[in-house]
Amino acid sequence: MKYKRILLKLSGEALMGEKNYGIDIDRVAQYAREIKNVHNEGVEIAIVIGGGNIYRGLSAEKSGMDRVQADYMGMLATVINSMALQDALEKVELKTRLLTAIKMEQICEPFIRRRAVRHLEKGRVVIFGAGTGNPYFTTDTAASLRAIEINADVVLKGTRVDGIYTSDPLKDATATRFEELSFQDIYDRGLSVMDMTAFTLCHENNLPIIVFDMNKEGNFLKLVQGETIGTLVR
Ligand code: UDP
């Protein structure tokens, strides 16, 4: 295996499948199977999930809500998604732990770095919920931060597109995909991989990012086995 310990970031929207809102249980089950296949190879897996399929602080602020209040609601949305994925992972007989940045004693453990690392060493899939626990941040930033804290080899950003393109492939038929870019290339070309806070954290800590299509069956495993899939930023 190319990587020993990885952090997988999934957007909340990825969990919607073909729906417009909420959680598509079949999609979550599909992700659980993909994660199990990677886990079977002995890779330590930590996961951060977004909340955009349920609630986004920024959008709520635009419709008049207090931003901080709305962001906490967004963080709670990530916990709902995390619990759905945890359930699906347990259905395929993986051992899991959900650790959140906001304490919720009845349903999960508080995030404690050493504990997270211990769970990983014991072969448990660790899900980090509630983002960073702070308003004005995103789950991309939570993913970068947690990946650095647990010393992950790479952040794998599973999306619906298969990498980073010269322009939006959905709008521009001439758009081409990059196989590899440096952090500086991203700044120079004005491309976006994650929000700047998340991206800068990875850059400053030399943590590579791979953007790949998580919906294509088998992609996740191939990627961890070292196949060139998606776009690597390092
Ligand atoms: N959020 C936050 N702090 C964090 C992470 C998330 O306030 O550290 C809130 C924010 O309101 C955000 C929402 O949670 O809009 C959902 O997260 P995100 O938008 O990153 O989810 P994704 O786009 O990945 O689905």
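Each residue's number is its place along the chain shown, starting with 1.
Cβ coordinates are placed from backbone N, Cα and C, and glycine is handled just like the others.
TrEMBL annotates Gly51, Thr132, Gly133, Asn134, Pro135, Tyr136, Phe137, Thr138, Thr139 as UMP-binding residues; of Asp66, Asp71, Asp153, the candidate listed for that same site is Asp71. When other Cβ atoms within 10 Å of the Cβ of Tyr136 (UMP binding site) are tallied across all protein chains shown, the result is 12. Gly51 (UMP binding site) counts 28 other C-beta atoms within 10 Å of its own C-beta, drawing on all protein chains shown. Asp168 (ATP binding site) and Thr138 (UMP binding site) have their C-alpha atoms 22 Å apart, to the nearest angstrom.
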